[in-house]
Amino acid sequence: MSTNQLKEALDTLKESGVRITPQRHAILEYLINAMSHPTADEIYKALEGKFPNMSVATVYNNLRVFREVGLVKELTYGDSSSRFDFVTNDHYHAICEDCGKIVDFAYPGLNEVEQFASHVSGFNVSHHRLEIYGVCPDCAAKKSH
Ligand SMILES: [Zn+2]
Ligand SMILES: [Zn+2]
């Protein structure tokens, strides 16, 4: 699955006129395989062995390019550590309050909520964000020991 996603992502970059550098290729590949909503810092640490001249700022700039062409979503949580999500389809997030892990889950049908919100508020709705908070199975297991 990931090779197809990578190919499609690279095609999107080409169509948008974005140059595909080895670093951009590696960052995309990491995002697709990680499934962990990494921070720019985590991506940097994972790839610094491969690209010794790359800085966190470079990673961040590349992520911004990906965001502009719609390949990644930036999830901000009010602090400096934005997390980056490779955009596949509409999905929601369950977030662990103990370790901060973010897990994807798919759930259909919330477009109705957007329509309703638009109807009652008069807003031109662009998107919505739903997050479920709790304790992940790993943390729950640690606690019970
Ligand atoms: Zn946890
Ligand atoms: Zn996600």
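Don't overthink the numbers, they just go from 1 along the chain as shown.
Backbone N, Cα and C atoms are what each Cβ position is placed from, and that goes for glycine too.
No curator has checked TrEMBL annotations; they are predicted automatically.
Going by TrEMBL, these are the annotated features:
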type	residues	note
BINDING	C96, C99, C136, C139	Zn(2+) binding site
BINDING	H128	Fe cation binding site
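Sequence features annotated in TrEMBL and their locations in the structure.
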residue	record	Cβ contacts under 8 Å, 6 or more apart
C96	Zn(2+) binding site	I102, V103, G134, V135, C136, D138, C139
C99	Zn(2+) binding site	C136, D138, C139
H128	Fe cation binding site	L110, V113, E114, A117
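Around the Cβ of C136 (Zn(2+) binding site), the number of neighbouring Cβ atoms within 10 Å comes to 18. Residues C96, C99, C136, C139 make up the record's Zn(2+) site, and a Cβ search at 8 Å around their centroid adds E97, D98, G100, K101, V135, P137, D138, A140 from the same chain. According to DSSP, C139 (Zn(2+) binding site) sits within a helical segment.
Taken residue by residue with DSSP, H128 (Fe cation binding site) is part of neither helix nor strand, so it is coil. Classification of C96 (Zn(2+) binding site) by DSSP places it within a strand.
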